[in-house]
Amino acid sequence: MLGQSIRRFTTSVVRRSHYEEGPGKNLPFSVENKWSLLAKMCLYFGSAFATPFLIVRHQLLKT
């Protein structure tokens, strides 16, 4: 009896918590505008690529 009520409760919770599905719907940013996505990706990957060079430049200018 208790097992059936627990099973009924968990399946109803899963059924009520429905999210949008499809490509790009599970990402924390919008992929609708390709130019905005391009700018965000360039900023993200560009900063990761440039950081070691900026650190080396800072260290060389320090001495």
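Backbone N, Cα and C atoms are what each Cβ position is placed from, and that goes for glycine too.
Per Swiss-Prot, the features are as follows:
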type: MOD_RES; residues: K25; note: N6-acetyllysine
type: MOD_RES; residues: K25; note: N6-succinyllysine
type: TOPO_DOM; residues: 17-33; note: topological domain 'Mitochondrial matrix'
type: TRANSIT; residues: 1-16; note: transit peptide
type: TRANSMEM; residues: 34-60; note: transmembrane segment
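Within the chain, the topological domain 'Mitochondrial matrix' (17-33) has long-range Cβ neighbours (under 8 A, six or more residues past its boundaries) at 40.
Counting only same-chain residues at least 6 apart in sequence, those with a Cβ under 8 Å from the Cβ of the residue listed as 'N6-acetyllysine' are Y19. Across all of the topological domain 'Mitochondrial matrix' (17-33), the predicted model scores a mean pLDDT of 80.
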